[in-house]
Structures are given as C-alpha cells and as structure tokens.
Amino acid sequence: MSHLADEIRRRRTFAIIAHPDAGKTTLTEKLLWFGGAILMAGAVRARKSGKHATSDWMELEKQRGISVTSSVMQFPYRDCMINLLDTPGHEDFSEDTYRTLTAVDSAVMVIDSVKGVEAQTIKLLNVCRLRDTPIVTFVNKLDRDGRPPIELLDEIESVLNIECAPITWPIGMGELFRGVYHLYDDTISFFDPKAEKGTAEIIQGLDNPRLDELIGEQAEELRLEVELVRGASHTFDLDAYLAGRQCPVFFGSAANNFGVQSLLDAIVERAPGPKPRPAESRAVDPFEEKFSGFIFKIQANMDPKHRDRIAFLRVCSGRFERGMKIRQVAGGKSIAVNNAITFMARDRNTTDEAYAGDIIGIPNHGTIRLGETFSEGENLRFTGIPSFAPEIFQRAILRNPLKLKQLQKGLQQLAEEGAAQLFRPISSNDLILGAVGNLQFDVVAHRLAHEYAVEAIFEPVSVATARWLHGSDEQLKLLADKYPQNIAIDGAGDQVYLAPNAVNLRLTQERFPDVRFMETREVR
Ligand code: G4P
C-alpha cells in the first residue's frame with residue numbers, strides 16, 4: 001500500500017453530538033486523556049468553567065459556560081490519527097454545529113441516561129442523516145439512577161428512527177452500577193469510581209464464578225438480562241452502521257472515565273475513514289493524489305493581539321504540504337500556504353503535512369469564504385454545505401454614532417464568518433442582522449464590543465423572513481424599483497427580499513413570477 005493511502009486510511013474524523021449537559025465536554029476531555037493527548041483530565045472542563053484559558057478564545061464561552069466556537073483536536077491513538085471536531089452544544093446556536101457536521105466522517109451521540117433523547121439530539125441526528133453519517137451512541141451517567149436501558153434503546157429507535165445494537169450492557173445503575181458486560185467479547189469490566197481509569201478489574205465469561213463473588217445477586221440478574229437483550233435487540237451489523245441505519249451502543253460514565261476506552265477503541269476499529277465527497281462535476285475520492293478540500297468554518301480574531309482570521313479546511317483528497325500552492329477555485333487565484341495550522345489538544349502547531357480527513361487552518365485577511373473549495377488546480381466545487389434561512393431579524397443600533405465605520409466593518413466580518421447574516425437595505429442606512437437563534441445576537445454584540453470596540457444593541461425590526469432573489473437583471477431591477485424598502489444586499493453582495501409577513505411575500509412573488517425567491521443563499 002502506498003504511503004498516501006496508508007495515511008488516509010488511518011484517519012478518523014468525527015464530532016460528538018449531544019443535547020447540552022449530556023456530557024459532551026466531559027467525554028471530549030476523557031477521549032483526549034485516554035488518547036494520551038492531555039496529561040491530566042480537567043483541562044477541557046476547566047476551559048468551560050473558565051478556570052484557565054487553554055484554547056479559550058472567547059471570553060463569552062467562560063461567561064456563559066458554553067462553547068460557542070468549534071475547535072479541532074488531533075491526536076494519534078493506536079495506529080490511527082484522530083481528528084475530533086468540537087461543536088457548540090447550545091440549542092440556540094447551531095449553524096456552526098451543522099456546518100461542522102459536514103466535515104466529519106462519523107459522529108458519537110451522547111445520551112443522558114436520566115433524560116433520554118432530548119430536543120437537540122433529534123435536530124442534530126437529523127443533520128447527520130442528511131449525509132447518512134455513521135453514529136456510535138454513548139449512554140452516559142450510568143452512575144445516576146437513570147431510565148431502564150431497554151427503555152432508552154426503545155426511545156432512540158422510535159424517536160430517532162435508527163436501529164440500536166448494544167455492544168456493552170450495563171450492570172445495575174446509580175448506587176448499584178457495577179460495570180458493563182461486553183456482548184461480543186464476553187468480558188465484564190467492573191466499575192470503580194476510585195480506580196484511575198474507572199475500571200477495577202476485567203474478567204472473562206458470564207459464567208465466571210468471580211462474577212458472583214464480586215457482585216452477588218446481581219450476577220444472576222445480569223445473566224437473565226443478557227439472554228433477554230440478545231433475543232430482543234439487533235445484532236451489530238457493520239454495513240448497517242456504515243450506512244447510518246444502525247448505531248452500536250455503549251454504556252458508561254464519562255465523568256468517572258468508565259466506558260470511554262471501549263468507545264475510543266470502537267471508533268478506531270469500526271468508524272469509517274475518509275469517504276468520497278460529492279462535488280458539482282464528480283465525486284472526489286479521498287485517495288486521489290491531488291489535494292482538495294472545502295472551508296466549513298471561519299473564525300476571526302482568535303488571538304486578539306493579531307487580527308487574524310482562520311479558515312478551517314477539511315482535506316477531502318490527497319495530501320497537503322506546507323508551502324504548497326493551492327487554488328481558491330471561486331476566485332481562480334492560487335495561494336502559497338506557508339502558515340497553515342493544525343489544532344493539537346494543547347496549542348496550535350505549524351502544519352508540515354495533512355492528509356484527506358484532516359483539518360487545517362488557513363490564516364487570511366477575509367479573503368476566504370465559508371463553503372469555498374480549494375484544489376490543486378481543478379475546477380472543483382464541493383456541494384452539501386448547508387446555508388440557513390434566518391428566522392429572527394434585528395437592527396443594530398449604535399450607542400456612539402461616530403463609530404458607524406467600525407460597526408459596519410465588524411458586522412461585515414462577523415457575517416463572513418457565519419456568526420450571523422447581514423442585510424443592508426438599499427433604501428436606508430440600517431444594518432439588519434438575521435439569525436437562527438437569539439444567542440447569536442448576544443455573541444455578535446459581545447464580539448463587537450471586545451474585538452471592534454463598538455457598543456451596539458439590537459432591536460426588533462419588522463422583517464419576518466428573507467428570500468434570496470434569482471432572475472434576470474431586468475426583472476431584479478423592476479422588483480427593486482417597485483419595492484425599494486424591501487430589498488437588501490447581504491454580506492456576500494447578493495440581492496435579498498425582506499418580507500414583513502407571509503402575505504406580503506406571497507403577493508410579491510405573484511407579481512414577479514419570473515423571479516425565484518430562494519429560502520437560503522447558496523454556499524459554494
Ligand atoms: P455538555 O458539554 O454536554 O454540556 O456537558 P458537560 O460535559 O459539561 O456535563 C454536564 C454535567 O454533567 C456536568 O455537571 C458534568 O460533570 C456532568 N457529567 C458528565 N458526565 C457525567 C457522568 O458520567 N455522571 C454524572 N453523574 N455526571 C456527569 P455540572 O454539575 O454541570 O458541572 P461540574 O459541577 O461537574 O463541573
């Protein structure tokens with residue numbers, strides 16, 4: 001096997017999806033710890049609680065205790081190279097999460113054993129389903145008195161419409177949680193919250209007398225339950241998992257390190273490496289020699305001292321090497337990337353090379369846009385990067401009118417990054433922001449204050465919905481002449497119709513049958 005193919009095959013790029021509080025941050029940290037990427041558990045949770053500032057790019061994260069930016073962590077584990085993409089978990093702030101999910105090859109879904117399937121779990125799973133992303137489920141917090149495991153699996157199957165194949169099975173829960181039985185290895189791992197890695201002992205065989213010795217009556221219960229579970233649940237089917245139809249299920253307690261190693265092992269052994277990606281002209285195979293990739297995230301001002309902007313690129317094929325000249329397909333320009341970075345768990349390092357499946361960060365000054373494709377020359381455009389129809393609109397109001405220039409600049413840059421969408425009506429000087437969740441306005445206001453020194457507030461405006469306009473120049477001009485108060489230009493320079501209500505939108509559409517009113521701007 002060639003070196004290139006070898007490197008690509010060992011990539012595992014995934015994200016963790018969860019409803020807030022299910023334990024995503026804890027699990028992320030424990031995966032890094034078991035993977036040897038951090039020496040001491042505590043760093044990631046500390047970042048969340050604001051105890052120290054490792055990779056804590058935004059003060060808001062600390063204040064809110066939520067992660068509002070995705071970050072990327074790469075670490076080797078066994079013979080694989082893991083890329084773990086962090087996603088913000090807050091239900092109000094999901095555009096970034098959705099885009100990040102377009103850059104992974106598989107996902108881990110964390111379910112809180114007490115709460116079961118929650119609202120955000122459903123939304124995120126639906127996003128994964130758009131690309132049939134394979135999912136591994138981790139049922140967390142078994143050290144608490146949660147719902148019966150059979151009931152949880154039933155709920156996952158019926159609400160999320162995906163088959164469950166338990167790989168491990170819990171022995172008791174809450175105070176009586178004793179560990180898990182591995183249905184395929186026929187081993188029992190005993191839980192001990194005081195043991196360094198959560199596991200006290202591992203024994204072979206359900207009939208092993210040591211089992212009775214260690215857990216007494218619960219041993220017989222376990223034997224009966226396992227028989228029942230084997231009969232009533234799905235057997236693990238690799239193809240069904242890879243097709244996104246079935247999820248293998250692991251039980252554990254991330255806070256107590258328990259079950260985390262089995263999960264990481266399962267990812268290495270079973271999760272898919274990079275897959276072919278659709279582009280407009282053809283599908284791109286990861287093993288192609290030539291480099292290609294797309295931008296799924298832009299992050300500005302990560303380091304307030306340097307006004308840098310990082311475009312996160314998912315490598316889709318071939319190999320990237322420092323200094324390599326790559327073509328920004330949309331603009332047709334070639335750039336030499338000498339300063340690409342990767343995101344190791346502790347700090348940003350200069351990349352020497354990256355392979356299909358990896359993520360690289362390209363510093364730039366606002367010249368790279370979300371969704372853009374880069375190649376070694378070919379005119380490729382990757383498809384499937386979602387764009388979102390904003391649901392809430394607000395007007396930015398300055399506290400100090402002299403700062404209009406900064407406000408415009410800040411909003412423009414934040415919009416390019418995807419923090420929110422910007423609309424400038426052609427008939428006024430208003431700056432209107434559109435968002436999917438209310439929290440996005442708080443994030444923008446906070447970042448305007450901290451990164452651009454502009455105090456702005458947001459107030460409601462009578463816009464209910466936006467439509468991107470496609471049509472001949474003549475038709476678009478007629479429309480703009482007739483309804484100047486409804487026409488705005490978005491952050492990318494495209495023309496948009498801002499409708500105060502559904503009736504207005506319908507009437508205008510009827511009057512201009514040759515203009516297409518699109519719900520989202522195409523990202524390419
Ligand atoms: P999130 O990123 O999905 O929002 O969840 P996070 O990891 O922050 O975990 C949410 C809460 O659940 C935290 O408690 C965390 O300690 C707790 N937790 C995570 N895994 C387990 C587990 O296996 N068992 C139990 N019992 N709890 C778990 P917190 O009270 O918000 O914070 P802290 O006081 O622990 O710092």
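Quick reminder: no glycine exception, Cβ is built from N, Cα and C everywhere.
The annotation GTP binding site is assigned in TrEMBL to D86, T87, P88, G89, H90, N140, K141, L142, D143. Residues or ranges marked as domain 'Tr-type G' by TrEMBL: 9-275.
Screening the binding-site residues D86, K141, D143 for a C-beta under 6 A from any atom of ligand 1 leaves K141, D143. The 10 Å shell around the Cβ of D86 (GTP binding site) contains 21 further Cβ atoms across the protein chains shown.
When other Cβ atoms within 10 Å of the Cβ of K141 (GTP binding site) are tallied across all protein chains shown, the result is 26.
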